[in-house]
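S.K.: Straight from TrEMBL, here's the annotation block:
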ACT_SITE  Cys277  active site
ACT_SITE  His335  active site
ACT_SITE  Asp358  active site
BINDING   Asn398, Asp400, Glu447, Glu452  Ca(2+) binding site
DOMAIN    269-361  domain 'Transglutaminase-like'
Amino acid sequence: MALLILSPVLSNVNWQSKLNKAAHHTSDYSSTEVILRRGQAFKITVNLQTIVCHSELLSLFPLAGPAPAESQQTKAIFNPSEEGASGWSATQEPSEPGCMNFTIFSPADAVIGRYKLKLQTVSGNKVSSTLLGQFVLLFNPWCPNDDVYMANEKERWEYVLNDSGIIFQGLEKHIQQEAWNYGQFEEGILDISLAILDRSLNHRQDPAVDTSNRNNPTYVSRVISATVNSNDEKGVVEGKWNGKYCSGTNPLQWSGSVTILRKWYRGRYKPVRYGQCWVFAGVMCTVLRSLGIPTRVITNFNSAHDTNINLSIDEYIDISGKTLHLTEDSVWNFHVWNESWFIRRDLGSFYDGWQVLDATPQERSKGIYQCGPASTRAIKEGHVNLDYDSSFVFAAVNADYVTWIHYSKKRKERIYSDTRKIGKFISTKAVGSNARVDVTANYKYPEGSLKERRVYKKALKLLGMRSTGKRTKITRCRRRSSVAWTQPAQKPSISGKLILDASPVIGQDILLTLSLRNLISDFKTIKVKLSASAILYTRKPKAEILQLSRSIKLGSEEVKEISFKISYSQYKNSLMDDRKILVTALCETKQGASLLVEKDIVLQDPLLTIKVLGPTVVHKAVNVQVTFTNPLSEVVTDCVLQAEGSGLLKEQLRINVARMAPMESSTVQFEIIPYKSGTRQLQVDLVCIHFSDIKGFVMLDVAPAP
């Protein structure tokens, strides 16, 4: 239906900012831009300066991207009270003389991004067009027709609106909380998130097609997974797992995404150095939440990196128990990725829900370092042939782990194959609290169950591998070889475990005990080779710390212990920033299979305490007191205390810390002025060249300004 009105001369446009922000759940964005969510109405008022008395036809034009076109769904033309073919529509509401009130509806599958809105009038042969302004359109988890719709309000708050969180790290038997400032609503972050899309290879190859595909969360999330890392384009973060970090920032020193994203943007898209898996996941969570896609961070303990996707990981050790790198496969103490929530129109409704995405550059997918989205339902059911990268993620959580002793180029012995080691305690932050939630059951059936083994064999078959009980192992060596291996005729006749005598703290000696038990009645002599290495969280050895040999005699079913020590002087110059040590004991007898006992150790940081000295109220200054202790028996200098937190500090705070004597405690005080109410997270990090970071955080309930 054509609308006859008087031709207006525009005075101004009222975008009803407060009303629209509240209705669209965008009030938290620190931006003067109009930010809306698709599939939902928004209101504007057009104020007129003068009117000319003749009748005319009115049309509205939302335009997105560099080359808007109706065929690409980046341009729509519609008249008020008429729904356009694109799904956009508008109604004109009653208004006072001199103004026009419009309610505009965007479709639930509209392209997300920055739009221009134009008003066009036609009078006879005369066509005039007026720019009303710009707005940003986001995905809408509150809209039932949006692909990212999430029905539970508490989950929407956690996975879209919560701007801080917890990333779990450490070991499967020693899981640690690390605070992370997502800061998706902080000033400039939404602009940066949109810039990340515009910097992608897809956009540079064909901007119009790329923009038109931004209505699809499957497409958008995959592009983000490629562009958060810097491997194929000038993405946000450059990864590094070896050597020193003097040309950038040690990945352990990041506490949030805001500083990283701003550094990338202000540096004209120069990749930020350096990141590791939790950094990539934290940054991607920020970007996806800012665009409106429900996203969370996942940690997989004992995470397999299966380079050739045959669902088996080989570990080789030499005759002294030292790890050898004869394969590119590895098992990381932990690996961090993301899950985003949306439906999979490309796969079918069975695969809707949580989708795995991984921005850490590990392997190429379709020629680019990107991973996902892979449906967790597909992973659990072994549907490893489905897009995208489900086979890689399946291996990360469910590969078999095979340990070999490598005697020579032509002889190796398989000690055992462990079907339960990989993919333990898969974790994420709870909704509404900082507690850990175990989501392992979302990825696989119970270890050892008939169903889990059936799924594993199904996955092997889909990948074209043999699915017999003891299948052929495809080696990862670059060239073929005629290496012979022997399968032990029996299980080891001894058992053993490595025991920490006390929880180890950096700066102190590490006391351990190896307990061995003879499982049979025969007397035996056991040759024990003990070794310890400083490792990264990827379990890659970086420096040898200890080598010991012992001989022990065990009578019938007897238990004996070997106590030993790794002194601070032995490990202090070898320990990596990860603070991890791998201890192994290779136990051999003249007859029977060898036994390998392993223990991963994480040295604990000394306590850091944070006290807020007064109530926290918006726009009211309050002091924060941080106390920490030098854990070493030597003087330390050149330490820096870093603090950040969305809604509390607009930029990261850095304070130089004076010289600290051995074992001395020190206190630093600083001021914060909260600028947002609600539950806020303040992160504190003591950075020092003498030891790895000491971190802490505190949750604050900030009251609104009186």
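Here, residue 1 is simply the first one shown, and the rest follow in order.
Just so it is clear, glycine is given a Cβ too, placed from its N, Cα and C backbone atoms.
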S.K.: Excluding Asn398, Asp400, Glu447, Glu452, please set out which residues of the same chain place their CB within 8 Å of the center of the CB atoms of the Ca(2+) site, keeping sequence order.
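M.R.: My list of surrounding residues reads Ala399, Thr419, Arg420, Ile422, Gly423, Lys444, Gly448, Arg453, Tyr456.
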S.K.: Output the one of Asp358, Asp400, Glu447, Glu452 that, of all these recorded positions, has the highest number of other Cβ atoms within 10 Å of its Cβ.
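M.R.: It comes out as Asp358.
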S.K.: Cys277 (active site) to Asn398 (Ca(2+) binding site): how many Å between their Cα atoms?
M.R.: 19
S.K.: Average the per-residue pLDDT over the domain 'Transglutaminase-like' (269-361) and send me the rounded value.
M.R.: 93
S.K.: Rounded to an integer, what is the Cα-Cα distance in Å between Glu452 (Ca(2+) binding site) and Asp358 (active site)?
M.R.: 24
S.K.: If you measure Glu447 (Ca(2+) binding site) to Asp358 (active site) at Cα, how many Å is it?
M.R.: 24
S.K.: His335 (active site) has how many other Cβ neighbours within 10 Å of its own Cβ?
M.R.: 25
S.K.: For His335 (active site), which of the recorded positions Asp358, Asn398, Asp400 has the nearest Cα in space?
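M.R.: For His335 (active site), the spatially nearest of the recorded positions is Asp358.
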S.K.: Which residues, sitting 6 or more apart from Asn398 (Ca(2+) binding site) on the same chain, put a CB under 8 Å from its CB?
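M.R.: Those within reach of Asn398 (Ca(2+) binding site), by Cβ under 8 Å and sequence separation of 6 or more, are Leu311, Ile422, Gly423, Tyr443, Lys444, Glu452, Val455, Tyr456, Ala459.
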S.K.: Give the distance between the Cα atoms of Asp400 (Ca(2+) binding site) and Asp358 (active site), rounded to the nearest whole Å.
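M.R.: Given the Cα positions, Asp400 (Ca(2+) binding site) is 21 Å from Asp358 (active site).
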